[in-house]
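J.: Pasting in a structure now, in structure tokens, and then I'll have a few things to ask.
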């Protein structure tokens, strides 16, 4: 193997460990053989790492020439999360845990996208804020932007001049002019000041550490125009720049720890927020190759870290990664065996001090160094003069030692000193607080002074986010106290130290809800007693929101927390185990719908990818579960290695998990051998949920082997039995018989719908009679017969009272039983009564309750009003497919939404298709089903297919829907399709029962254009847009066949044949409209006389004009973006000459007028293309025009 090239010189010497005997020659040889492919790849590419230091900032890159290296590739390893643009700039803070599902946090980006369109506003930002935890790599990222721009690899077309400022250095200046400021931001002058300032829109100002100095950057003179040579206070100059009173066109990149910038930049405009999340998994390993010059040392060090999941997770933070590498390097230099058992950042810092600082300086000089650090933190200072060092009692020998070991750095430009990293300064400041408190021993007064100083420096809201406070918690833990006592050869009083922690908690907690910051502090402390006590007290701090109308117990039953990084995942899972009010932990990925649990739980959300390292640290923390009894990983795709790690944890003696949900995790028979090994071990697992996985017969047989083991404690196993062979099902039943405590459940299995024959009250009529005209008010509209209520005297017409509210009225003439086939509603009344029925949307009510977490909507929602006592029974429809003619009422509930809140009522009976309430009280009400974890996706439902045909002369277009059998959804789809001149073709529903969340393939005869070809069966409220496939047929000269198949098994679940009965090619517009008034699509797929509501809609149309002609004035005035519309028409309707003629007009209104002038010669087909393009570019405008015109326009 080639030798690494010699290391280049740097400003700070990095001691080489060359020629020293290997710690273990055999181990090094084995390591080298294992990693040889990676080493050869690095050598081939010239990726031999070197560490460069520049003014205290560690810059890492391979030893290639600057001309050849690709800066973007080498430095974009940090994970960047672009956040959604906040609606309120004062709310730009990290969310704490809450009782509601968090909104999506954003998406991952590359460094090239920093000034790209914001995902919230779609506008390119002028201000980008790089935020992140301490030591996460913000400054490195900012310097990279400047350097990559200089090398011509980043934003070269965007900016002519880029200026970099370290705010810690900038704060040393009293006054500066704009010219002097710009000069400081350049390494060498690049152009005269007048030339630079002539194009402010091409300037980028990078302000690193904007929150570090103690300043308020207020724009004190917003209307004052200053000359570029006029000097003024630095904070005023920066405030004017950020406030846009100077160079409003300029761009800014700020780095900060906190997002609460409004406090010291009052005039800050709405920014684009990007959070730095640290190293990815592969970059943690790459860092070791960049840090250690000797490849063998790099491999040895990383293997030691990789074997410790906690240490590997800590290395996600670049500064901590440097700390780990430095400690290991010191051990190599001192000839020690590599050993690093630290579990926290605090412990790593103590280890660092013990390895780097000689004993002779620890007692006095380190204390002086701590005092220097503390004074700087309280005064927001990071640069110190020689007099500052002397003032604290630091002698020259000690300063030289601190410089040599890298604790301090000397700034060549300003002859001042700084700590190697701000985090290191904060660590020394925390030590100062403890030593000062221990020496003073002034009791509560001294503690109050320390806490008030911390609050004054960081603020109550951000107290737990401050590294100094986190280090305090770590140092005051049992291990931290031992480390300090050993380091400083002193005795610290445990009770006094514990009091200091309680002072911090008492001062801050009333002002701050539970958050990740507090969990970080508790994690650093590691004290079991403190963790248990604090986590127990958190239960009382979470209260329901003002809009929550459900019971408080439901609100506090679930906590939601966003964890973006492995570090946050580790901290959260470690602390949650001490939270006695949480019994189950659930992990949800981005855009994944949560699976409901019935036990009190914590739901962790993650918008960033979950890697193998993420799973490793999660399972590592679950080896000792304490209060946790359940783990739900449903919906997460689990690799074989992940399931292997999970099973290793389940077999660990300290793991007390009893319930495990692995629903829809992509498991196969290969994973079953691992799960079987857990069942055969002395694990505490009693319930296992494996639905929606393709386990197969072989996989289930492996599980049976585990179940047969006498030590198996499992009592409940959930499986999908319908996909298994009869032989395997028999084997499972035999197991149940031999083991009375074992219950294998799979009650929701596909089966045929049970017919409702021989049921007097519930008989569904299959023929329709001629509708009777009832006397009444003229404004009321009589509906078709399928909406009638059928009773003892025949059909009773339903009257439409309010189309917008979907409010209907029916006057039942006498006592008896009345049933409406189209809605499924059924009333039993004792006398004549008038009933009002309003179709409601579940989304109006469910969003205010936690009902969705524990129950599933299984029917329409009605607001029914009737005279008290007149209705003795109401039959409410549901679409759950029941196997038996009479089902248990235990899981079915009727949800009532009343003024004081929500009430769940148990029905008197549950039958296929409906539930029965006797002597009901009315309010908005509908049927819901109580669900167990993840059962939502394997409950069989009855569904319907809806096909709509567009009334158009020259083409045939169909819309195909697959939805649950809910009349409110069907009504909403009917209304929506009618707006666009689509009418329904009645076809039978699917024969088999289907499942929510399953996907189905739509196919048909040749030459059909189907978009999309895949449909997901999902329940969406009637107020939401429903999923459908659009099928373009063209000229329908012959019959066409449509099919729907299950995507997983490709089983045919529905099929229909459509036959053409009329051809319209030869008809003129007037003839077509005459036919249009008298047609609709029949159940058999042919054409028959229309129902009155369709004919009435056509009669009410303002004219028989095309949509484009009807709404010409509105379209000219309201189309706000014409160019996208023209792009869609180009080549189809507009030739090149017409396209350019319209674009040449100055305003959007003139462009639309020009377009309408050209449209005089267009055919109906061309106008249809215009309409389709308009619908794609301005959908809300089209819908608004339809609604205002009564919902009908022809030719569209």
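For all residues, glycine too, the Cβ spot is worked out from N, Cα and C.
Just so it is clear, the model here is predicted, and its values are computed rather than measured.
Sharing the features that Swiss-Prot gives for it:
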| type | residues | note |
| --- | --- | --- |
| BINDING | 132, 133, 134, 135, 136, 137, 138, 139 | ATP binding site |
| DOMAIN | 126-435 | domain 'NACHT' |
| DOMAIN | 789-1072 | domain 'FIIND' |
| DOMAIN | 1106-1189 | domain 'CARD' |
| REGION | 1-22 | region 'Disordered' |
| REGION | 789-922 | region 'ZU5' |
| REGION | 923-1072 | region 'UPA' |
| REPEAT | 627-647 | repeat 'LRR 1' |
| REPEAT | 684-704 | repeat 'LRR 2' |
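Each of the listed features needs to be described in terms of its position in the shown structure.
T.: A coil conformation is recorded for residue 134 (ATP binding site) in the three-state DSSP classification, outside any helix or strand.
In the predicted model, the domain 'CARD' (1106-1189) shows an average pLDDT of 83.
Secondary structure counts, DSSP: the region 'ZU5' (789-922) has 8 helix, 73 strand, 53 coil.
Break the repeat 'LRR 2' (684-704) down by DSSP state and the numbers are 9 helix, 4 strand, 8 coil.
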J.: For the repeat 'LRR 1' (627-647), how many residues does DSSP put in helix, in strand and in coil?
T.: 8 helix, 3 strand, 10 coil
J.: May I ask which residues of the same chain, at least 6 positions away in sequence, place their Cβ under 8 angstroms from the Cβ of residue 136 (ATP binding site)?
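T.: Result: 78, 276, 277, 278, 317, 318, 319.
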J.: Do any residues at least six apart in sequence from residue 138 (ATP binding site), in the same chain, have a Cβ closer than 8 Å to its Cβ, and if so which, in order?
T.: 130, 131, 132, 208, 255, 256, 257, 276
J.: By DSSP, what is the split of the region 'UPA' (923-1072) into helix, strand and coil residues?
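T.: Going through the region 'UPA' (923-1072) residue by residue, I get 21 helix, 64 strand, 65 coil.
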J.: Per DSSP, what is the helix/strand/coil residue tally across the domain 'CARD' (1106-1189)?
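T.: Here the numbers are 65 helix, 3 strand, 16 coil.
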J.: May I have the list of same-chain residues other than 132, 133, 134, 135, 136, 137, 138, 139 whose Cβ is within 8 Å of the Cβ centroid of the recorded ATP site, in sequence order?
T.: 257, 276, 278, 317, 318, 319
J.: Any idea which of the binding-site residues 133, 134 has the thinnest Cβ neighbourhood at 10 Å?
T.: 134
J.: Look at each of the binding-site residues, 135, 137, and point out the one with the fewest other Cβ atoms around it within 10 Å.
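T.: Counting other Cβ atoms within 10 Å of each of the binding-site residues 135, 137, the minimum falls on 135.
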